[in-house]
Amino acid sequence: MVNLTAKNPPQPWIAPAAAGPVRSTVRLPGSKSMTARALVLSAIAAGPSTLSRPLRARDTELMAAGLRTLGAHVSTVDDERWLVRPRPLEGPATIDVGLAGTVMRFLPPVAALADGPAAFDGDPHARVRPLAPLIGALRSLGVRVDAAPGGFLPLTVRGRGGVEGGEVVVDASASSQLVSGLLLAAPRFDRGVLVRHVGPPVPSAPHLRMTVQMLRAAGAGVDDSTPDVWAVEPGRLTGRGWDIEPDLSGAAPFFAAALVTGGEVTLLGWPRSSAQPVDRLRALLHEMGGEVTLGTDGLTVRGSGVVHGLAADLSEVGELTPVLAALATLADSPSRLYGVAHIRGHETDRLAALARELTALGADVIESPDGLEIRPRPLRGGVFKTYDDHRMAHAAAVIGLVVPGIELEDVACTAKTLPEFPALWSAMVDGGS
Ligand SMILES: O=C(O)C1=C[C@@H](OP(=O)(O)O)[C@@H](O)[C@H](O)C1
Ligand SMILES: C=C(OP(=O)(O)O)C(=O)O
């Protein structure tokens, strides 16, 4: 089996151009966010759990490996069904977070429950991703954490076999994951937790709703009725079967392909009711000229071949910014994408990276503190740097459908959430499914 936990060497790739409208049916693996949460909740539950159709990618393999190192039994042998059997959590443990925000923010609170130290580190860029509010919150809950100055990786959580818990104030404006991490482990804290956010708005509200929804599904008592306050009661979580939905953010570039080529792409296996922000994506793609429909076979996006500009606050769906920015460069009118200052703390500073790389292809892009203004102009081929960011690669692939000669410096970074991306993309362009 391929070792997905390691960072792969750079793999240059020429984005395939579409000869005409793409018509394709794609089956994508499970949501990264749901897989990560299901793994954590299962590892701290009172009984065994299964994950059906999980995501096998670098981020989720690292999550599984981290939980295993802390003592849980996690079997990922079967692609369709992962098995988690909780066991006592223990150090010493060494945890590689790679470049995964989910691993670096969800596992330190779990490690605080372990008996013994857990050392965390990751890829070079992981050492600059925001973590200080989580470290501060853990410390104020009585957990000993040794961290680099400023509150970054590498760090060591010195678990003592339990966490008292209680009330904590965090500024989670840099990432919703800072709250999700505290909430997910909190049913195992002696007094549970009450997290109060103070600061500029927390981004990615749908991901916080997913955290609350999955905690409740595992049997936790959660109160999120007051804005910016979340309370999790202490209690036993039940082991259960988790059905993981296909990854909506991973589907975004495939849907974008329907828009730019005037084609039709169907994502198979989409549920009737979803924990992911499908209505928001539907509205955004509609404004850009696409039609999104939910049928018995899945979620279908149809494009007309004309892409319209978009003015949108993307704070709830920051992950979509790279693909929407790529669409904006191919639109018939200008776009303004805003509300996403926090994506400067993602896999790379996405606003700076998009401004630089899209400008190099000939687009007119103005970077603001919290977004991008994009005025479409004719684009040319050229080398596109991906900065280890899977979603930069997705953006370049979308443009490459209609602008010949887009060369990605590295497509291997897509292994973070979808190792099959290059193959699935080529199959879609070639008319396969
Ligand atoms: O909790 C999660 O699974 C995620 C939350 C979001 O993080 P931010 O709030 O840092 O944007 C999102 O962008 C990330 O890809 C996944
Ligand atoms: C921001 C992202 O990832 P992470 O979970 O590493 O924050 C992303 O996948 O777009």
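Heads up, the Cβ atoms here are built off N, Cα and C, so glycines get one too.
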Query: Which of these, Ser75, Ser140, Ser204, Ser368, does TrEMBL list as part of the 3-phosphoshikimate site with Lys32, Ser33, Arg37, Ser175, Ser176, Gln177, Glu319, His346?
result: Ser204
Message: Can you go through the binding-site residues Arg37, Arg391, Lys416 and pick out those with a C-beta less than 6 angstroms from ligand 1?
response: none
Statement: Of Arg37, Ser176, Ser204, the binding-site residues lying within 10 angstroms (C-alpha) of Arg391 (phosphoenolpyruvate binding site) are none
Query: Between the recorded positions Arg37, Ser176, Glu319, which lies closest to Gly101 (phosphoenolpyruvate binding site), Cα to Cα?
result: Ser176
- prompt: For the binding-site residues listed here, Ser176, Gln177, Ser204, which shows the highest count of neighbouring CB atoms within 10 A?
  reply: Gln177
Residues that sit under 8 angstroms from Arg350 (phosphoenolpyruvate binding site) by C-beta distance, when 6+ apart in the chain: Thr321, Pro322, Val340, Ile343, Arg344, Asp389, Arg391, Met392
Query: Across the domain 'Enolpyruvate transferase' (19-422), what does the pLDDT come to on average, as a whole number?
result: 97
